[in-house]
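K.L.:
What follows is a structure written as structure tokens; I'll ask about it next.
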Amino acid sequence: MAQILAASPTCQMRVPKHSSVIASSSKLWSSVVLKQKKQSNNKVRGFRVLALQSDNSTVNRVETLLNLDTKPYSDRIIAEYIWIGGSGIDLRSKSRTIEKPVEDPSELPKWNYDGSSTGQAPGEDSEVILYPQAIFRDPFRGGNNILVICDTWTPAGEPIPTNKRAKAAEIFSNKKVSGEVPWFGIEQEYTLLQQNVKWPLGWPVGAFPGPQGPYYCGVGADKIWGRDISDAHYKACLYAGINISGTNGEVMPGQWEFQVGPSVGIDAGDHVWCARYLLERITEQAGVVLTLDPKPIEGDWNGAGCHTNYSTKSMREEGGFEVIKKAILNLSLRHKEHISAYGEGNERRLTGKHETASIDQFSWGVANRGCSIRVGRDTEAKGKGYLEDRRPASNMDPYIVTSLLAETTLLWEPTLEAEALAAQKLSLNV
């Protein structure tokens, strides 16, 4: 149903009886009638909204084409190649036709793009090569069409600087790591902004809602804004084959979270990046801006993180709590390395307030959300389980964070002296 905004002066327009606008079928009809009453000159010109109903309208025709199912007529499919852009957080994509449905990334051709237009290559040598790495079903086009997560390489076969997947894949392929079957559960927080003013969804423009408290997991038109986007994203992820495990409204109004996992090794990064892509596309269609800024609003408002839950096979087995404590000890000794890799602008979020630890001080605790590393009460009670790294920012790269956790806890060995000092400082009896 399209709409026409009509000015107030008296006017009447009738579509001729035999006009081409009129569909021959009795099912289809179209008429435009604009009528206004005379108003005195001293009155403001008013407007009336009148409906233009037409199954043959431009909008309907475009929607019909968008919803076309090509499967009965062709084996060819559309593959949307997706990659990470020059900022390390922006996503890019483009489409190509593939002759038949595929089941594995190895069946797909490599492709290329203009890296000088994404900040990833100089103009005189701009070609960057896309290597297909993971396939997901396309919830926007349906059918056998697919989304393809790619990483980025030079023509000579070297990963470009923004390709963090390559190093992560190398770490996860190490037998010491793969043998421990590392699981990751990633909690992606994000904030929805009004398109034209870049202010949180549901907030009065240039002003603030009531203080935090009623919004976390809240219900009601005065507490929650953006649920349709969250739900649409949830279903799109399930359709795509992403291992999404839940969603919830967050502490700051206009902020949401989705969880991915548990996923093994490199899959965690692939699934989070594809989930982010779907969210970007859905907010694009909704006319809402998505931001992963770790502190979108200064002041007494929660920031946005990407808490990462982590366990290994040894942690999940009997006696695993001792393995968890050893992992925490290692993480404490590489705190600076992790912080430097955990997202841009994280110093604005990790202040020691709003359920965060100080960025300058490593800490751990049971059920304590003000620590760097949190251990759940179930894990403590059972003597096995997982740990939660609460330091990563919402704009972190999941390839970096997951592989660094595996590297620090499974491949890196501190000196005995450093280990003893750290254990004493953290009250860890390892």
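Note: Cβ is positioned from N, Cα and C throughout, glycine not excepted.
Relevant sequence annotations retrieved from Swiss-Prot are reproduced here:
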TRANSIT   1-45  transit peptide
DOMAIN    77-157  domain 'GS beta-grasp'
REGION    97-122  region 'Disordered'
MOD_RES   Ser106  phosphoserine
DOMAIN    161-430  domain 'GS catalytic'
K.L.:
By a Cβ-Cβ criterion of under 8 Å, what residues six or more beyond either terminus of the region 'Disordered' (97-122) are in contact with it?
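P.N.:
Same-chain contacts beyond the ends: 75-79, 81, 83, 85-87, 128-135, 144, 146, 148, 150, 152, 160-162.
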K.L.:
Quick one: what's DSSP say for Ser106 (phosphoserine), helix, strand or coil?
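P.N.:
DSSP assigns Ser106 (phosphoserine) to helix.
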K.L.:
When a 10 Å sphere is centred on the Cβ of Ser106 (phosphoserine), how many other Cβ atoms does it contain?
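P.N.:
If we count other Cβ atoms within 10 Å of Ser106 (phosphoserine), we arrive at 8.
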K.L.:
Could you count the residues of the domain 'GS beta-grasp' (77-157) that DSSP puts in helix, in strand and in coil?
P.N.:
9 helix, 39 strand, 33 coil
